[in-house]
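**Q** Sharing a structure here in structure tokens format.
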């Protein structure tokens, strides 16, 4: 063989060595993950066939992701309970669901709920259990957001966000948990946010409430694992909903604007389908976001100094933009 021919063969040989090394290193990890993924898909299909007739309670069901979740679970044949403050909007969602061609179809139940009124939640759960005597799947989706920096946010606003986003879901979960434990089955799904994984400027109150939700879900999951109760925590990125439009300012007034990031966010319908799969597969914790948010998540944990530097730059940029707009 000529020298030139040997040179031509060298890269191929090098690549073969590289592939062998990567295969040797990654195969022990990749193979079990692939098997787990196949098993989860099999289980998801199995449990999807068991969904018809399941009782699903969805908070924040009057619009946005909650409304999309109502459609997804209703089409799956579930007995859906719609909960939120705005009864008129819940009735609209119910009417839309009844117009769908679904078999089997159970008429949705509308029950008004204000997560900020913690003392009313035990009575709300009594009404829920009076309808179907059980809840198979609880989806803690209701919540509000804030658009303001720490210095300009009133403590009352911090408190309101924490009560609605965290304590409301905690109170509802605690009120329903005994019935799930007694039956020996149930699934509790917390709709958190990527901001429950890492914090960004001008979202302190919102991010704090989602961090608290994440911690609560993780603790609860461990405590009920031996009781046949599953706990999932879903952390989405930006979603095309009215979350920013309905957000609060630091003083507690209405923000009243749709952020560019929200407008370009993922479809709530697609996210609702992914959440259904999460519950069917009994996935404990998932992040559903674009690549940028996932990079931020890994930076926060693997290279925190760089993450903090990026966030500091972002804070200055947001502050300057706010000054120009006023």
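For all residues, glycine too, the Cβ spot is worked out from N, Cα and C.
Note that the coordinates shown come from a computational prediction; the quantities given were computed from them, not determined experimentally.
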**Q** Between the candidate ranges 18-38, 39-59, where does Swiss-Prot place the transmembrane segment annotation?
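**A** Checked against Swiss-Prot: transmembrane segment maps to 18-38.
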**Q** Reported as an integer number of Å, what is the Cα distance between residue 69 (NAD(+) binding site) and residue 193 (substrate binding site)?
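**A** Cα-Cα, rounded: 16 Å.
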**Q** Would you mind reading off the Cα separation of residue 57 (NAD(+) binding site) from residue 206 (active site, proton acceptor), to the nearest angstrom?
**A** 23
